[in-house]
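Down below is the structure, laid out as structure tokens.
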Amino acid sequence: MIRASTRAVGRTEGLVSRSMSSGPAQDLVVIGGGPGGYVAAIRAAQLGMKTTCVEKRGTLGGTCLNVGCIPSKAVLHSSHLYEEATHSFKSHGINLPGGATIDLQQMMRKKDQSVFNLTRGVEESRMRRVIPAKNILIATGSEVSTLPTVPIDDQTIVSSTGVLELSDVPRRMIVIGGGYIGLEMGSVWSRLGTEVTVVEFLDRIVPAMDREIGAQLMRILKKQRLNFKLSTKVVGATKTPVGLRLTVEPSAGGVQEIVEADVVLVSIGRRPYTAGLGLENVGVQVDRRGQVSIDDHFRTSAQGVYAVGDVVRGPMLAHKAEDEGLVAVEIMAGMPGHINYNAIPVVVYTNPEVAMAKTYDSGGDYALGMVKILSDKATDKVLGMHVIGPGAGEMIAEGVLAIETGTTTKEIAKTVHAHPTLSEAFREAAMSAHGKPTNYYKM
């Protein structure tokens, strides 16, 4: 029998251990109430399992709902509205006497209210309990990765959480990391008037994306007043009476340079949240990065212990964790379960949005917006899709469905798409695969 020792608020201590318990056992204890955990708990209950979900926060939803996806998209939306008001309204015949102004405190209150509306309604027990369980599902998510040379204080050197709590619009911001979090948050503050510089160790931004798409996104973001220093690493940071001073140098080594800012955002990725959970007590194998080793059925090296989401291999995405949580529980219940990891969509919520399903890297010409379909030369089945443009995060679902169902580009080309819509681009791209486009010609 496995047991979980829990408390409602704060980090869980001595969480997992082996015990001979005579008390009533749960069929499943889910550790973590984020997208992977609470979805798994709900599915387990639907399947008739006695289930307990353990969460360290006072609310469910994990990082995504409380300090990640949802609050960040709230400020992305607010900053986009401000940018529209200051740069686009006049061309539409909409005039604002005196011009648009920013009330950052109200913007942050709106963000907080969005989170509160989605988290209220569930109250926690404050008792400390020992829960015997037949199975345990580790779904504790991830935490911010840090740089030892740039210690986060969430005042002037901030994480993705702290950057959503700033009380003033900074004059200058340096974003360390050109991934989706850095670009999204950099876009927010750039729209609000901050001079933003993105420092990226690699020679490209959003390295997980198609190279052509990433290059075009950078061209667009430059037009939106974002600056970039690629192939550059940060080697130190010092505070000055008027802000921060970062020392940077080429990633391959070379002459150092000083760059200054009022706020620095460290967004170099995330790491599995597994330290201190007591996983070693039951023989769960964890690598040096904290990632839990699993087989194709989400089973760890310890009998009865499963793991999903950010603590296991693969991209750290809320919807990937959800799907894994559902499938893992169904496998526990003796049902068949499978995830097509080639059909997991990834979205960058910049303006324009960028989305992909399956990672392929290829060359090509640049366009202001595009849909790229990659298909199997022999079977014509869709293998990957990349989109850059308005609503890319919504449109990528058509690509995911095509990959999941083995749809061919000829079938997409034969499918009537309404006009005028953005989704027409899918049909046009599919027709282009056979040299028969009607609205696009390669110059």
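Here the Cβ of each residue, glycine as well, is placed from N, Cα and C on the backbone.
Listed features, source TrEMBL:
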- 1-20: region 'Disordered' (REGION)
- 27-325: domain 'FAD/NAD(P)-binding' (DOMAIN)
- C64-C69: disulfide bond (DISULFID)
- K73, T140, G141, S142, D310, M316, L317, A318, H319: FAD binding site (BINDING)
- G177, G178, G179, Y180, I181, G182, L183, E184, E200, G269: NAD(+) binding site (BINDING)
- 344-430: domain 'Pyridine nucleotide-disulphide oxidoreductase dimerisation' (DOMAIN)
- H419: active site, proton acceptor (ACT_SITE)
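Here FAD is bound by K73, T140, G141, S142, D310, M316, L317, A318, H319 per the record. The longest Cα to Cα distance in that group is 22 Å.
Within 8 Å of the centroid defined by the CB atoms of G177, G178, G179, Y180, I181, G182, L183, E184, E200, G269, the record's NAD(+) site, lie the Cβ atoms of V175, G186, V198, I205, V206, S267, excluding the listed residues themselves.
Site extent for NAD(+): the farthest pair of Cα atoms among G177, G178, G179, Y180, I181, G182, L183, E184, E200, G269 sits 14 Å apart. Less than 8 angstroms from the CB of I181 (NAD(+) binding site) sit S72, S160, S267, each of them six or more residues away in the same chain. A mean pLDDT of 95 is what the model gives for the domain 'FAD/NAD(P)-binding' (27-325). Relative to L317 (FAD binding site), the recorded positions with Cα atoms inside 10 Å are C64, the candidates having been C64, G177, G179, H419. The residue listed as 'active site, proton acceptor' and G177 (NAD(+) binding site) are 39 Å apart (CA-CA, integer value). Counting residue by residue with DSSP, the domain 'Pyridine nucleotide-disulphide oxidoreductase dimerisation' (344-430) contains 27 helix, 25 strand, 35 coil. It is D310 that, of the binding-site residues E200, D310, has its Cβ surrounded by the most other Cβ atoms within 10 Å.
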